[in-house]
Amino acid sequence: MNHTKNKTFLFWIACLVSLGGILYGYDIGVISGALLFIQNSIPMTDTQTGIIVGAVLAGGLAGTLLAGPVGDRYGRRFLILLSSVIFMLGVCLILLAHSFLMMLYARLLLGVGVGVVAVAVPLYVAEIVPAQDRGKYMTFFQLLLTFGIVLAYVVDLIFTSTGNWRAMFAVVLVPALILFLGMLFLPETPRWLMANNHPHRARDVLLQIRPSAEEVEKDMQLIQSSLRQTQGSWLELFSRQFWVPTLIAVGIAIFNQLTGINSFLQYAPLILKNAGIGSDMVTMIGSAGIGLLNFLCTIVAIALIDTLGRRPLLLTGVAGVMVSECYLGAVQYLGQDPFITGLLSLAGLFAFIVFFAIGPGVVVWLAISELFPTRVRGKGIAFCLFFNSLASTVLATFFLSLSHTLGMSQTYWLFAFFTLAYFLIAFFLLPETKTKSLEEIQFHFEKKHALAADIDK
């Protein structure tokens with residue numbers, strides 16, 4: 001068995017699959033610049049603008065619910081193929097849009113693609129990489145998500161002089177097509193194959209991606225052990241055995257959005273412009289700087305996550321996000337000179353992005369995928385990302401109205417309050433999962449369940 005060849009193949013699998021992160025990230029970032037010009041073609045009120053931004057996240061609600069059962073029935077590979085097709089159809093509809101309703105339908109369709117890819121990629125990677133490498137490879141998705149945001153900001157900047165917002169959206173067709181074509185040649189995950197009575201195919205896949213025959217046999221035994229029970233239902237997520245990991249994962253999913261991250265990224269140019277930064281071009285450059293910093297800090301987080309562990313990075317990052325939001329609120333509350341306020345706000349947003357990228361930005365995708373056992377993992381991830389998308393949809397839709405009603409300082413402080421709750425949930429409930437196999441994590445919660453049952457007797 002060629003160890004180097006297998007490791008290389010696994011690396012390229014993770015890279016290709018994680019292109020889904022570019023699709024997700026690009027969709028988050030592109031709307032921020034496009035909003036400055038869409039109204040030249042399609043006049044919209046503030047409420048309609050919020051609906052257009054939030055529509056992709058509302059579509060994500062449907063996508064996450066669709067992804068779980070479809071992924072369990074037809075496979076993780078099929079799910080990624082489906083997401084790339086939905087993305088391409090959504091972009092094509094945007095290119096044809098000439099009214100608010102057409103834009104709304106297109107953004108909803110893109111949202112379905114976002115929801116599906118957000119479930120499919122972490123699910124696929126978690127089930128195909130070995131435990132000791134899972135942290136590194138799982139973070140590829142977040143890395144390429146942040147790269148997608150940077151790419152969107154740069155493309156927005158390039159087309160700012162012409163105001164061609166349709167071209168801004170069209171660029172994402174390239175990675176979507178590459179992902180679709182590449183997935184045609186990749187294998188299904190061994191865990192899904194075993195769960196669907198294809199043990200020989202599962203062994204063949206493991207032989208391609210594990211360093212030795214001993215590792216293959218070990219993984220086969222672990223997977224068989226975790227699958228001895230029947231496939232789980234939606235209700236099983238709330239059973240006494242699994243309610244704790246479900247609660248932790250849902251809490252992380254919701255509060256990751258309640259930090260305000262997507263609102264800040266989607267409205268970055270408007271936030272900077274309202275804070276005192278000058279022209280459209282200058283605000284776009286500032287937004288691109290935010291996106292680039294997000295990408296670079298994600299690289300740092302990837303280098304640290306399997307060394308320091310999930311908990312330390314998450315707790316440090318969430319604490320830093322909370323402090324940054326308190327600072328931003330103070331700047332907006334005390335600021336007098338618009339230009340100075342704008343520069344200080346940009347510095348605060350930079351700090352926010354640094355802490356988010358090194359902590360919750362990377363850890364959340366990994367933690368959610370690790371907390372559920374194989375038989376309910378697809379449904380569990382979909383359930384969590386449904387609430388993630390719900391929180392993101394509400395914030396994106398009402399962010400402009402909220403900031404106008406409360407003021408930006410109070411809005412920042414409200415996000416800081418939510419982030420404090422996030423910190424407490426992670427501190428008291430999230431276990432460390434570094435180097436543990438998915439089956440070992442499952443046994444950890446089952447052991448706690450058995451201990452609690454003995455105490456109750």
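Here the Cβ of each residue, glycine as well, is placed from N, Cα and C on the backbone.
Quick look at what TrEMBL lists:
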TRANSMEM  9-38  transmembrane segment
DOMAIN    13-434  domain 'Major facilitator superfamily (MFS) profile'
TRANSMEM  50-71  transmembrane segment
TRANSMEM  78-98  transmembrane segment
TRANSMEM  104-125  transmembrane segment
TRANSMEM  137-159  transmembrane segment
TRANSMEM  165-186  transmembrane segment
TRANSMEM  242-261  transmembrane segment
TRANSMEM  281-305  transmembrane segment
TRANSMEM  312-334  transmembrane segment
TRANSMEM  346-368  transmembrane segment
TRANSMEM  380-400  transmembrane segment
TRANSMEM  412-430  transmembrane segment
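Tertiary neighbourhood of the transmembrane segment (346-368): same-chain residues 122, 134-135, 138-139, 141-142, 146, 248-249, 252-253, 256, 259, 261, 264, 268, 271-272, 275, 277, 286, 289-290, 293-295, 297-298, 300-302, 304-305, 310, 313-321, 323-325, 327-328, 331, 380-381, 384-385, 422, 430, 433, selected by CB-CB distance under 8 Å and a gap of 6+ residues from either end. Among the recorded stretches 9-38, 78-98, 165-186, 412-430, the one sharing the largest number of Cβ pairs closer than 8 Å with the transmembrane segment (104-125) is 78-98.
Counting Cβ pairs closer than 8 Å and at least 6 residues apart in sequence, the transmembrane segment (380-400) and the transmembrane segment (242-261) reach three or more and so form a contact. Below 8 A, the CB atoms of the transmembrane segment (412-430) and the transmembrane segment (9-38) form no more than two pairs separated by six or more positions in the chain, fewer than 3 in all. Taking Cβ pairs closer than 8 Å, the transmembrane segment (137-159) reaches residues 10-11, 14-15, 17-30, 32-34, 121-122, 125-126, 129, 165, 167-168, 171-172, 175, 265, 268, 281, 284-285, 287-288, 290-292, 294-295, 298-299, 301-302, 305, 357, 361-362, 365-366, 369 in its own chain, all 6 or more past its ends. Recorded stretches compared: 50-71, 78-98, 242-261; the one with the most Cβ pairs under 8 Å to the transmembrane segment (165-186) is 78-98. Mean pLDDT for the domain 'Major facilitator superfamily (MFS) profile' (13-434) in the predicted structure: 87.
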